[in-house]
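J.: Pasting in a structure now, in structure tokens, and then I'll have a few things to ask.
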Amino acid sequence: MESKLQFFFLTLFLLILTIHAQTLGTYIVQLHPHGTTKSLFTTKLQWHLSFIQQTISSDEDPSSRLLYSYRSAMDGFAAQLTETELEYLQKHPDVISIRPDRQLQIQTTYSYKFLGLNAAKENGWYQAGFGHGTIIGVLDTGVWPESPSFNDHDMPPVPKKWKGICQSGKAFNSSNCNRKLIGARYFTKGHFAVSPTRIPEYLSPRDSSGHGTHTSSTAGGVPVPMASVFGYAKGVARGMAPGAHIAVYKVCWFNGCYNSDIMAAMDVAIRDGVDVLSLSLGGFPVPLYDDSIAIGSFRAMEKGISVICAAGNNGPMAMSVANDAPWIATIGASTLDRKFPAIVRMGNGKVLYGESMYPVNNRISSNSKELELVYLTGGDSESQFCLKGSLPKDKVQGKMVVCDRGVNGRSEKGQAVKEAGGAAMILTNTELNLEEDSVDVHLLPATLVGFDESVTLKSYINSTTMPLARIEFGGTVIGKSRAPAVAIFSARGPSFTNPSILKPDVIAPGVNIIAAWPQNLGPTGLPEDTRRVNFSVMSGTSMSCPHASGIAALIRSVHKKWSPAAIKSAMMTTADVIDHKGKPILDEDKPATSFAMGAGNVNPQRALNPGLIYDIKPDDYVNHLCSIGYTKSEIFSITHRNVSCHAIMQMNRGFSLNYPSISVIFTNGMRRKMFSRRVTNVGNPNSIYSVEVMAPQGVKVIVKPKKLVFKKINQSLSYRVWFISRKRVKKGDDNMNFAEGHLTWINSQNGSYKVRSPISVSWKAK
């Protein structure tokens, strides 16, 4: 019956999609003012009509679809188009952007829509009650409580189990909390011990930098209609779990976050009664016994709290993943298919693709003037980075300044250019950033171009005595690019301290995420920025972490008795490994490996109903620490348990942690490894699952049994996997070789249950 209903809804959904594709909508099509086809027509009206002519059937009059032809205010037109015609036009090289006339389609915190959550009755949000009843604790820079994302209209009462407080402080008192923002605290002692001087920000839970407001609203912000950033990305802003409650713990200040403060916050959060802890914090990897977040989160996990952490932004360097404890859900960053084009048209007629959210007062005439380009290198001032005070006024006044990424912040470079009298800026990626496209709400006309484009730009500057360029701003474009893809900055595995666990666990949207922002802060966060917004844009695994935290809250509200390991398993085994075009998720121009994306990109809809879960009890983690060689004192520092690893290993011969992914390491002389796993049925009572294996290259994989027959819900069954290496590791061979594959349990009756585990294999000579 359930599968018939699912089939019915799928058929209905596809039917609605087909009808919708043929429905006319009004769109504003913005064209390149110097479009390649423009010269073929005597008037702009004819040029504009030609675009419609190309898309509609030959017997239809294009002028019947045209509403307006814009000539002075902008180059482009308004027309009625179907989805199919729209898709065709989006690929046209002369089209900068196409925006819906009504602000209903493009979503500001668009990531929820991209991940498949929408307000349809049969959708995951309804199944999960939008996260009602769950409490997400966010450790960050605080919160701006007046943001519309924290309005408590229609929110249920504060859960009875909540024991937290709303701590008063500078510009913050207990009345700032409500049924949405149910608690707020701040922690300064560790910070003051290092920096005894008074800090230039609110000594209270109030957010001074924007980061905490942004992450909190991403996890659980309520719907805010007609949200945008100066007209970019218009739509409804929503967190992943808009019905969940939020508790904020301010542990980060202008000069960083101290472990003592973080630990204190985790300590009270556990007592306060949070269900999920979201930590967009972390640096380079450290051993678990030296990692206060790993230690604090072990305690939280024991109490049934899911701990979700950012993987870190030190990618694409290998072994850079942080927060890699097996009881933490470690989240890398992925991209969305939403772009903010701001192309550079050089004096030689060539175009470089760039992105920006610089607010154009009148997007209809959205081009900055053609200006002389200047790129200052050499000398001791490191002017190429556009550091404050490094740009001589006589050389940059009225010009478009090229600034390399690195050393200082992207928006700070714009401020330095502006202070020196520069009129515009092109930010250029270095080899470190490659084609990463983090956008900013710049203080002056500016755009960011990728590394390949930067090489072309600099070679043009060197080729002429008077290099010229203009920036053309293209608004918001959705659906033209392949996504999700792995963000370049997202930290990579294998884990430096614990390679027996594959990390990161999953990736989630973390590039150009729009979310709530303090109303006393400019969108760049710079003190010189006097503009005010309710929403701004940020990139980083800091943004992907709260996406996963909100999804964990949704799963928790459907499956109240699930352990943190079960919730993480649901996210991992249902994650997507293909993008929205049906092709493998990319990392730069190659298919992403499990060291870049873990199990894949989160799919909240499927995670709510995973079919099978890999559960792990706290004792299992202790056994794991013994199995990887941690000493008695190291294990005690993490778990507060006095254990004898010798006795544990005697009782658990051949132990392997019941993790949803598998990391196999062949060291010198080793040819064969066995792993045992145990899955619990959380789908239909009578379920049969068959295994499908894609073996890593150079490895033979044997699974026993090949079929799992479940009679009831919550029944657990075990299986074993043998990995046999076909290649030898030679002594003295310092190279580490990798291969990967996957193991998937597929439900014979309901093919939508696919429980996938990534496999990574490493050959390592000791």
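Cβ coordinates are placed from backbone N, Cα and C, and glycine is handled just like the others.
What TrEMBL records for this protein is below:
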- ASP140: active site, charge relay system (ACT_SITE)
- HIS211: active site, charge relay system (ACT_SITE)
- SER542: active site, charge relay system (ACT_SITE)
- 26-106: domain 'Inhibitor I9' (DOMAIN)
- 131-598: domain 'Peptidase S8/S53' (DOMAIN)
- 371-453: domain 'PA' (DOMAIN)
- 657-761: domain 'Subtilisin-like protease fibronectin type-III' (DOMAIN)
- 1-21: signal peptide (SIGNAL)
J.: Do me a favour and check the Cα-Cα span between HIS211 (active site, charge relay system) and ASP140 (active site, charge relay system); whole Å is fine.
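T.: Each residue's Cα considered, HIS211 (active site, charge relay system) and ASP140 (active site, charge relay system) end up 7 Å apart.
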J.: Using C-alpha atoms only, work out the spacing between SER542 (active site, charge relay system) and ASP140 (active site, charge relay system) and round it to an integer in Å.
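T.: Cα-Cα, rounded: 10 Å.
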J.: Give me the long-range Cβ neighbours of ASP140 (active site, charge relay system): same chain, 6+ apart, Cβ under 8 Å, in sequence order.
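T.: Set apart from ASP140 (active site, charge relay system) by at least 6 residues yet with Cβ under 8 Å, we have ASP207, HIS211, GLY212, THR215, SER216, VAL248, TYR249, LYS250, VAL251, CYS252, SER278, SER280, LEU281.
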J.: 10 Å Cβ neighbour count around HIS211 (active site, charge relay system)?
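T.: There are 21 such Cβ atoms around HIS211 (active site, charge relay system).
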J.: Tell me the residue counts in helix, strand and coil for the domain 'PA' (371-453), as DSSP assigns them.
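T.: Helix, strand and coil residues of the domain 'PA' (371-453) number 20 helix, 20 strand, 43 coil.
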J.: Can you check how the pLDDT averages out over the domain 'Subtilisin-like protease fibronectin type-III' (657-761)?
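T.: Averaging the confidence scores along the domain 'Subtilisin-like protease fibronectin type-III' (657-761) gives 91.
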